[in-house]
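Quick notes on the structure that follows.
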Amino acid sequence: MENIVLIGFMGSGKTTIGREIALLGGRFLLDTDQIIEQNMGKSINEIFESVGESGFRRIESQLILWLSANVKNAVIATGGGMPIYNDVAYLGYVFWLDMSFESILKRLTITEQEKRPLFSDISKARQLYNERKSIYKKQSKYIINGDASALEIARKIIECMDKEVQE
């Protein structure tokens, strides 16, 4: 079975929704940021500090190559920048969790914002959000409104995948 690939801006709920899909759909969840943190033994912030954004993006590219060669029937929750710098379409069916920037801000606590290096300046984060939207749209096969509950979104994505299998 093909992978389900979740893309969207930081804080759009990719990991949370991925967990719901995994539970409902008999798949396992792979969060690319968590995989990188475990492999490197550092937080995303620490990786950014030690190798910079370009170094982090190279690590993401290596992970994509590994995932594409070795993983099937999974839910892959990508980091927010992964589809900006890498083609993720060959990992599986790509779903963009589309939410307004304001909805994302409401969802994230201050502590969660501090864990995200690109959220250190809200106006820059908003600009980045606006720049990335068109790329998310190009990379995705499906655009899903991310303002519903995680369970509702997970069910919608599974429904889309069921239709893909039938076709």
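From the backbone N, Cα and C atoms, a Cβ is placed for every residue, glycine too.
The ATP binding site feature in Swiss-Prot is assigned to G8, F9, M10, G11, S12, G13, K14, T15.
Sequence features annotated in Swiss-Prot and their locations in the structure.
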residue	record	CB count, 10 Å
G8	ATP binding site	26
F9	ATP binding site	26
M10	ATP binding site	23
G11	ATP binding site	23
S12	ATP binding site	26
G13	ATP binding site	24
K14	ATP binding site	28
T15	ATP binding site	17
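Using the Cβ center of G8, F9, M10, G11, S12, G13, K14, T15 for ATP, the list of other same-chain residues with Cβ within 8 Å runs, in sequence order, L6, G80, L97, M99, I104, G146.
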